[in-house]
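Here the structure comes first, spelled out in structure tokens, and everything after it is commentary.
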């Protein structure tokens, strides 16, 4: 069989809808410096507001005030911190190092302050509902839908684990088919796979899915023969072929699962808000049952939701788009979101990788808004099973975000979306800044043993990093939700476990992100691979080979520090100890947590594990999963493989990727 043919279905008319071609033009970018000069001219000579223009909406006025308050808070705290750390009595090389250290400290303190203040805002809004946020109705029945609001549910895939992908899609389609609005939706699987074996498996899975649900939903499968520009190109190809047939488009990742209620609610929200270009859900991630995955799951479900609420508080209708589990207004998307190549050569040119941030900025420039609806239930995704897989994903995101920096001054971009592009860069560029700060501090200590390695404000900085976790717990207690996490004692023990793992993994992420930034800037080639959708424990040999260099650096660093005395060694331990333990830590956290359940422990539990949503039960059942014995766990294991899959995993998903 030709792998590029549409699969033969029982009804030939369901192989694909008739083509209804439209255009999606990629307009050249202005360029960084040209855009900067144009933005500078617009700032110095702002255009007068046309009286005929619609007045600002209430949320826009509120957002402006909130952003000014946030900016003032960041500026004030950074100036205060910089003033307290002002270098004194330094000469020669010491003066150069001292001023470099001070500059790095102020930049990093501003970055930490931004996160801290966002968390404080999130704490407030979790206890006091925001009147300007996009309201989610208590029932999707409250949002009657226009029969003309046709919506395409698309899932771009490329070399995925087929069984898991189609199991989640089947559960989503069954949930959708149970709603009253089935006729509004068409479902598309858009494959970019090229491996004949994977294509054959996809097509067999598609036949089975169509046999089960083809009489209730329009289901389509397309293999793209010309695979340009990765996922963004796959989606653009769909838009050019069939986009004109639909008013909206819901984009799913290969690991996405959504309820029919969530999907119809998204359509209803778009109908009620004609200026909305994108409405983004906050997916609660379905992760693998490993120590690492469940720790990240717990952090996302507790602290991640706090940060998301804080960001939504000051972003409002100019929010993030994460590229999946979201609905888009397809006509303006086709008109304005064609992505041209970045000119030049090297890693920071060519295809735009982190397309989601750019698409949101383009839609906002065209006059449409982007909203996040954290309160919408029924949106799920998957997260990496272990640290090395997470870092592989981060490497791809890092290069994509660094590329987006070239668009920072693109004319017409809203200031909030410029800030998002910048924070996307800093999410990874902050790592080499931290590394540089540590190296400069060590150099100052080597020049003058009486110079402290850590700044006098380090307790304040550390507190600002951990207080958000306390605020998230306090918000849960205020809302009386601790029982959903297994009770007060279990919740506190889980929070302590997650914080400890985060503290141990932070130096490893710092080194990895530093290397990612350097390789992206130096032109090292990046391979784009689909992440694993099932867990596999890390092997000792390969993990040790990955981290042995870090082990040797930590050992040598501590040996040199010992020559200066025990004080410097103690100061270095918070960084050196995780480097020494990197390999065993990565391996240990890649193991399943099922042994904890067998001993009656419920560490890192989240509400979705204690009361499993039916759409997830179906997804894992179709993936060949079976429940563990009662009294052991509500989790599932794959028959005969020992692969453990957890029920849910919430994401703070690198909100700044």
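Using the three backbone atoms N, Cα and C, a Cβ is placed for every residue, glycine included.
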Of 69-86, 141-158, 159-176, the range TrEMBL labels transmembrane segment:
69-86
With the ranges 495-512, 513-530, 531-548, 549-566 to choose from, which does TrEMBL describe as transmembrane segment?
549-566
Pick from 6-29, 30-53, 102-125: which range does TrEMBL record as transmembrane segment?
102-125
Which is it, of 572-589, 590-607, 608-625, 626-643, that TrEMBL names as transmembrane segment?
572-589
Within-chain partners of the transmembrane segment (419-444) [C-beta distance under 8 Å, separation at least 6 from its ends]:
94, 97-98, 100-101, 104-105, 107-108, 111, 114, 320, 354, 357-358, 360-361, 394, 397-398, 401-402, 404-405, 407-408, 413, 451, 453-454, 509-514, 516-518, 575, 654, 656-657
Given a Cβ distance threshold of under 8 angstroms, which distant residues of the chain, six or more beyond its ends, lie next to the transmembrane segment (549-566)?
445-446, 449, 508, 511, 572-573, 575-577, 579-580, 582-583
Which one, 69-86, 102-125, 572-589, has the most C-beta pairs under 8 Å toward the transmembrane segment (456-477)?
102-125
Beyond the flanks of the transmembrane segment (102-125) by 6 or more, those residues with Cβ under 8 Å of it:
66, 70, 73-75, 77-78, 81-82, 85-87, 133, 303, 305-314, 423, 426, 430, 433-434, 436-437, 440, 455, 457, 461, 464-465, 467-468, 471-472, 474-475
